[in-house]
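What Swiss-Prot says about this protein:
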type: BINDING; residues: 135-190; note: ATP binding site
type: BINDING; residues: Asp258, Glu271; note: Mg(2+) 1 binding site
type: BINDING; residues: Glu271, Asn273; note: Mg(2+) 2 binding site
type: DOMAIN; residues: 109-304; note: domain 'ATP-grasp'
Amino acid sequence: MRGNGVGAKFGKVAVLLGGTSAEREVSLMSGGAVLAALQAAGVDAHGFDPAQQDLHILKEQGFDRAFIALHGRGGEDGTVQGLLELLKIPYTGSGVMASALAMDKWRTKMVWAACGLPTPRYAILAGDTDWEAVVAELGLPIFVKPVHEGSSMGATKVTAASQLKAAWERAARFDDLVLAEEFIVGAELTVPFLAERALPVIRIEAPGGKYDYQNKYFTDETRYLCPSGLPAEQEQALQALVMKSARALGCRGWGRADLMLTGDGRPYLLEMNTSPGMTGHSLVPMAAKAVGLDFTALCLAILEDARLG
């Protein structure tokens, strides 16, 4: 069913969704929304869950492109990207190296710091860590999170040294590597990008200032402000910073950087997401809409940029 127009342009498309990571539930929502939009636009798109089918059969079944709507390990960390490279099936988003690097919050911060880009101070935690020394180095509060998880999985805000070990234990259930990060007080922002263009800044106001997994995906109480209300010059500076941060990691196609902005106007890069959510609560579609791209147009733009290498 190649058809004409859009269908012929993209060929047979696999929307990769679900997977086996801790973010499976969100990925199913993201992939379902993308799949519906592509099909409505006339694309010969099919849902494909790597947790239920072997990805090698994508080639056997004649797929021409893959839209990666997987989140977390196994989908956002370079592994799926590497397999698609071997199968020679062009895919959306960043390549193998950038996907793996951005998924690793520790090494992402090392690259940004080496490039002179602002990111909060940090330390790696282990069972034998001197908790008091970490507090002396980073101050309080401290944000503790797994190095390789997204959607705030296993993350804890620590307000006393006595809480650090429990926070480490919680994060360590998700990952062998656990990051302690200086807690930055200020406005929580996110800046998506599409191709070489930064989209509008979004300001996030979560209930109680807690933008966790629940408040990201399953509540209507979190407020997302787009336009952000920032002065135009400041917004442009933040967009430029995000594009620098993406280029430093080798990101391409689309993505989203999370950052904090202090009261005196200093930005701090937190994380880079190379396969952001595409749910009803997601932020890339919101920013795209602000510049005239509806959800379907956004999905088509991302798919059009699918490539190898």
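The backbone N, Cα and C atoms fix where each Cβ goes, glycine too.
In sequence order, Pro120, Met260, Thr262, Tyr268 are the residues near Ile184 (ATP binding site), counting only same-chain partners six or more apart with C-beta under 8 A.
This prediction places the mean pLDDT of the domain 'ATP-grasp' (109-304) at 93. Geometry remark: Ile142 (ATP binding site) versus Glu271 (Mg(2+) 1 binding site), CA distance 16 Å. The 10 Å shell around the Cβ of Asn273 (Mg(2+) 2 binding site) contains 23 further Cβ atoms across the protein chains shown.
In the three-state DSSP classification, Leu177 (ATP binding site) falls within coil. Within 10 Å of Asn273 (Mg(2+) 2 binding site), counting C-alpha to C-alpha distances, fall the following of the binding-site residues Gln163, Arg170, Asp258: Asp258. Cβ-based crowding with a 10 Å cutoff singles out Ile142 as the top-ranked of the binding-site residues Val135, Ile142, Leu177. The least crowded of the binding-site residues Thr156, Gln163, judged by other CB atoms within 10 A of its own CB, is Gln163.
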